[in-house]
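Right, one structure below, let's go through it.
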């Protein structure tokens, strides 16, 4: 397929009340923030969508404060599409001159420990703040950092990991594998003693209206939008289209297919057979009701998406 047919679907929209409330709280918190750390996806939570994974609304509220862009799960992105990630880091965060002062790329393993990157984040953020005007107060030895981004990109995980490494403390904010775990702007969370640094977790915020359906599907594939709001069937079909378009045929060997497929049904059939995804369906016959075991294509679509998010289908950049 040269083009993907979205079946006349309307532009995806998902802007729950807690997002609107969170955005208002974030604007209020900006008065006390010295620096902004924006997490985005280079794939899940990250490097698959370095461009689509950034909310232009957040860039508008960044103002002139130092801004650090963290591209997450770099090891899941296509290494041949590095210019895409580079453009994400260079993309304007506001008007001219308000670009990111620092762009860090994290790997999936670093997301778990953050031991390496956290040693960069704390001193680099401190240097950025020290080299920039601090308008909200004359003198202070502490740093207050606002962590922002779209849903499910690892904001809470970043805060908890920095806190665990520098303070040897446990989790201070809830994390989860689905978007929407953080519902409101939290109080400041200390993550380091020297220098004294506080990070503020914020809810993931999407634009009230996404630019197009394709952007919404990309966000959903990376976990920024709940699957059922877009539909696992359309997400799996678009993923197959993208894999074929980029000649990423790892799914052929993984699911035991004879060759690459342009249609999603044969792929889901193989996934269902390989993973034993079946369901019992009651069929009405002339002699009564009969339970028939059939393949569960919805469950197979979820398995297909989960393999992609885990990096089992190769390193892919959707943008």
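Glycine too: its Cβ is placed from the backbone N, Cα and C atoms.
Predicted automatically and left uncurated, TrEMBL annotations should be read as such.
Note that the structure is predicted; figures quoted are calculated from it, not measured.
Per TrEMBL, these features apply:
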- 72, 73, 74, 75, 152, 153, 154, 155, 156, 157, 204: GTP binding site (BINDING)
- 145-218: domain 'G' (DOMAIN)
Count the Cβ atoms, other than its own, that fall within 10 Å of the Cβ of residue 204 (GTP binding site), considering every protein chain shown.
24
Within the predicted model, mean pLDDT of the domain 'G' (145-218)
76
Count the Cβ atoms, other than its own, that fall within 10 Å of the Cβ of residue 156 (GTP binding site), considering every protein chain shown.
25
